Structure formats: C-alpha cells, structure tokens
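A.B. asks: Below are the structure tokens for one structure; questions will follow.
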Ligand code: SF4
C-alpha cells in the first residue's frame with residue numbers, strides 16, 4: 001500500500017503488500033488571461049500531492065496554453081518527478097495530472113499518465129482512476145491505431161482522440177460501450193473534461209476555484225474550476241467543493257462556461273472500500289466524511305465484538321480512527337502501542353529474506369513500557385494476506401503483552417477487485433481460504449473479530465444497493481468475464 005504517507009499500516013512486510021490504490025486524478029481550468037497568475041501546473045502538483053496515497057508508481061502533468069499540450073511524466077512519487085524548474089516550463093491555463101498505481105498494464109514509463117494522443121483535430125491528454133473490464137473489446141475497435149502503452153487507459157485515449165467531432169462528441173459515442181470503473185479527467189487544447197462511469201465506483205468531485213484578488217468583467221471575481229478524485233485535494237488548492245461528478249455524467253469547461261451531459265443512466269455503486277481504507281480521512285464521499293465513518297465503524301465494532309481488555313491500540317495509521325471509536329464505545333482506554341517510521345517509502349532498500357527473518361522492525365516498533373503485561377485490543381482496517389497482522393501479534397507478545405485481541409474494521413476481504421484496487425488474488429487472500437476461527441489461529445491472536453457488512457454499510461449512511469461490496473460479498477455490480485481479467489492482458493498482444 002502507499003508508503004511513507006503517514007496513515008497506513010499495510011506493507012510492513014514488502015512481500016505482504018496491502019490493497020493498492022488505483023490512481024489519483026486532478027484537473028484545473030482557469031480563464032486564459034489568468035494563466036500566469038494561476039500557475040495551473042503548480043496547482044496540479046499540489047492536488048496530486050494531496051492524492052499521493054492513491055498511487056506512487058508514477059506521476060504526470062499535462063498543460064495546455066490554448067495552442068498546444070505539453071506532457072511531463074515519470075516514474076516515482078510526485079515530489080520526485082517534479083521540481084520547480086520542471087513546473088515552470090509547464091505553462092498554460094488548463095492542466096490535468098495523475099499519480100498512478102497500475103491495475104492494467106505494467107508500471108512502466110509508457111503506461112504512466114497523462115496519456116497523450118494527437119489526431120487531425122488536435123491533441124488529447126487523459127488521466128484515469130479505475131479499471132476497465134472490457135479492454136480487449138475496446139482495443140478491437142482500434143483498427144489502425146498503434147498503441148504505445150499496454151494500459152486500458154491507453155486504449156481509451158486512442159478511442160477518444162481518433163473520433164470525429166472532438167472529445168465531447170467522441171465520449172458520448174464511446175463511453176456508453178466502456179465497461180468498468182472510470183473516473184476520467186482529460187483535456188484538449190482548449191477544454192477541460194471530466195467523466196465518471198455509470199456506477200460511479202471511484203469518486204470524482206468538482207470544485208470552484210476563485211482566481212484571487214482580480215475583478216474581471218463587470219467587477220466580478222473571476223473563477224476557475226477544479227476536478228479531483230477526492231475533496232481533500234480541492235481543499236488543498238483552495239477550491240470550494242461544488243458537487244460530485246454524477247455517475248454517467250460528463251462535463252466540459254472552457255471559456256463558454258461549464259457544460260454537462262449525461263451519457264448513461266446512473267446506477268450508483270460507490271466503492272465501499274474507499275471508506276474503509278482508500279480515501280483520505282479528510283475526504284467526503286457521497287456526502288459522508290471518511291473519518292467520521294471510520295470512527296463510527298470502531299464504535300459498532302466494539303458493540304459487535306466486545307472483549308475485556310486494558311488498552312485499545314491502533315495499527316498506525318490506518319487503524320487509528322476505528323481504534324478511537326472502539327475505545328469510546330467500550331470504555332477501554334485508548335493508547336499508542338506501536339510506533340511507525342513514516343519515512344520508509346517506495347525507494348527504501350527492501351530487506352533480504354535473512355534480515356526479514358530477524359523480525360519486521362523497519363516500519364513498526366512496539367512501545368514496550370506501554371504494553372507489557374496488558375491485555376490489548378489491536379484495531380486494524382482490513383486483512384489481505386494476514387502476514388502483517390501475524391507479525392504484529394508476534395511483536396506485541398514478544399514485547400510482553402498479556403493478551404492480543406485483533407479487531408478489524410471491515411469484513412473479511414474474500415474476493416478480488418476488478419474495478420481498480422489491486423488486492424491479492426483469491427488464492428492469496430487469507431479470507432478466501434480460511435474461516436474466522438482459522439484466521440485467528442493463523443495470526444496467533446487470542447481473539448479476532450471483523451465488523452459485519454451490515455454494520456459497515458450503516459456507518460457510511462449510504463443505502464446498501466448504492467454501494468459496491470464485491471470484495472466482501474462477491475456480488476460484482478458490473479459482471480466480469482474471465483477473459484477480461486488480469487493486469488497484463490494487453491502485454492504482448494501486439495497492439
Ligand atoms: S470490489 Fe471492493 S475495492 Fe473493488 S470497487 Fe468493489 S468495494 Fe471497492
């Protein structure tokens with residue numbers, strides 16, 4: 001999972017990576033005569049910085065000055081890819097940006113985004129959060145266009161760029177046949193676009209961006225627009241949340257204002273796992289704040305799985321809000337039992353097997369004095385393979401804990417995700433193979449409790465039928481064929 005961002009507990013063991021996010025997208029448009037003042041490439045950089053937890057493999061920004069699009073992208077974190085001098089060369093009044101974790105196609109430079117495509121009508125730079133599930137069918141529509149990358153996004157970009165009538169018309173024709181999860185932010189030389197799949201699986205929000213201190217025509221303050229995966233990214237660039245991009249909706253923003261069109265009937269199925277783990281705590285999705293949801297889940301977890309104990313501790317940082325809720329509802333004091341090194345990131349030299357066998361202490365270390373002799377409740381957000389939680393239980397016991405009771409603020413993850421989150425395969429998911437009693441024994445915990453699916457859903461305050469819960473209950477809202485599964489399906493396909 002994202003590393004070094006201070007909130008996450010997965011990935012303590014490099015061979016037990018947690019759920020990998022599928023990307024963050026960001027876009028901004030300001031009036032052309034505000035380009036110099038607004039510095040859209042820097043706004044996009046800050047937006048991506050706020051979304052870094054959604055993808056750390058590569059980052060990129062495309063900027064248009066109205067006449068041409070320039071793309072800069074590279075492998076690495078946002079702060080590694082961009083510096084002041086690079087951002088100063090990206091001049092214009094429209095920008096789109098992306099931070100990537102790959103779900104279709106390898107993590108290579110070619111597959112980094114924004115993807116770019118030019119046609120007779122001009123250029124198109126596109127960013128995508130999600131994962132398409134009919135990529136081969138879409139690729140087959142590309143009769144003559146060569147693909148430079150092997151991602152589903154590359155296929156989509158080619159389809160949108162090579163249609164007559166510009167991206168708005170092309171999207172109206174193409175998006176209804178695209179299946180899967182897609183929150184898209186893209187642009188041509190003069191317009192910023194955003195679109196969201198009819199299920200609205202991944203979040204995408206619209207914000208108004210005041211162009212500060214400048215009175216335009218009629219004495220009004222000029223305004224720009226921003227779109228982002230999460231509301232937190234709007235906050236960080238000073239944009240005010242306006243609304244979500246609706247499932248099945250596409251918008252276009254340019255000098256003529258904001259246009260919206262519906263290309264498909266909405267069938268909302270927002271990702272439940274965004275509330276569990278993926279989104280930032282300071283983000284709000286479908287009107288429900290993520291942190292409040294996580295604390296509420298902790299309270300419900302205490303009611304569903306009470307235990308006699310002396311202290312509730314989180315697995316830092318992702319277990320923290322649910323641990324706060326658990327402590328509050330149970331009356332058991334909350335405390336810190338594990339210290340995390342937040343600076344162990346993707347570029348960190350991973351330990352060899354021999355070093356790993358000496359114990360995983362590179363990212364977490366127990367606070368012996370706080371935990372020795374205590375009966376502990378350890379709260380974490382989810383279990384994927386179980387290796388991390390097993391290591392934590394052993395670490396706490398070795399540090400003198402009298403009892404270790406593990407509480408998980410999501411139901412068992414028993415099914416893979418095909419909509420943009422890279423969990424392990426079903427065979428690798430511990431809950432795909434073992435029941436709760438067997439998982440408890442495998443972790444070496446004194447007790448283990450998962451929140452029920454109904455309780456988790458109630459904490460989101462969103463009706464069950466408007467949420468995707470497939471990784472928990474196996475009910476996939478968009479049917480997935482065998483042939484469309486797999487991260488590397490376009491590799492070696494010749495297109
Ligand atoms: S399967 Fe799970 S992670 Fe994937 S979209 Fe559905 S709820 Fe989210």
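Using N, Cα and C of the backbone, Cβ positions are placed for all residues, glycine too.
What TrEMBL shows for this protein is this:
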type: ACT_SITE; residues: 23; note: active site, nucleophile
type: DOMAIN; residues: 23-256; note: domain 'Glutamine amidotransferase type-2'
type: BINDING; residues: 271, 417, 468, 471; note: [4Fe-4S] cluster binding site
type: BINDING; residues: 318, 380, 381; note: Mg(2+) binding site
A.B. asks: Around the C-beta of residue 271 ([4Fe-4S] cluster binding site), how many further C-beta atoms are within 10 angstroms, looking at every protein chain?
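C.D. replies: Result for residue 271 ([4Fe-4S] cluster binding site): 27 other Cβ atoms within 10 Å.
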A.B. asks: I'm checking region-level scores; what's the whole-number mean pLDDT for the domain 'Glutamine amidotransferase type-2' (23-256)?
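C.D. replies: Mean pLDDT across the domain 'Glutamine amidotransferase type-2' (23-256) comes out at 89.
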A.B. asks: Go through the recorded positions 23, 271, 417, 468 and pull out the ones with a Cβ less than 6 angstroms from some atom of ligand 1.
C.D. replies: 271, 417, 468
A.B. asks: Quick one: pull the CA-CA distance for residue 318 (Mg(2+) binding site) versus the residue listed as 'active site, nucleophile', whole Å only.
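C.D. replies: Given the Cα positions, residue 318 (Mg(2+) binding site) is 18 Å from the residue listed as 'active site, nucleophile'.
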A.B. asks: Using the Cβ center of 271, 417, 468, 471 as the [4Fe-4S] cluster site position, which other residues in that chain lie within 8 Å, going by their Cβ?
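C.D. replies: Apart from the listed residues, the neighbours are 201, 272, 273, 419, 421, 469, 470.
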A.B. asks: Non-local Cβ contacts of residue 468 ([4Fe-4S] cluster binding site) (under 8 Å, 6 or more apart, same chain)?
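C.D. replies: Expected: 199, 201, 269, 270, 271, 272, 419, 476, 477.
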A.B. asks: What is the nearest of the recorded positions 23, 380, 381 to residue 417 ([4Fe-4S] cluster binding site), using the Cα of each?
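C.D. replies: When the Cα distances are compared, 23 comes out closest.
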A.B. asks: Based on Cβ atoms within 10 Å, give me the single least packed residue among the recorded positions 23, 417, 471.
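C.D. replies: If we count Cβ atoms within 10 Å for the recorded positions 23, 417, 471, the smallest count is at 417.
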A.B. asks: Tally every other Cβ atom lying within 10 Å of the Cβ atom of residue 318 (Mg(2+) binding site).
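C.D. replies: Looking across every protein chain shown, the total is 24.
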A.B. asks: Compared by Cα position, which of the recorded positions 23, 380, 381 is the closest one to residue 471 ([4Fe-4S] cluster binding site)?
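C.D. replies: That would be 381, the closest of 23, 380, 381 to residue 471 ([4Fe-4S] cluster binding site).
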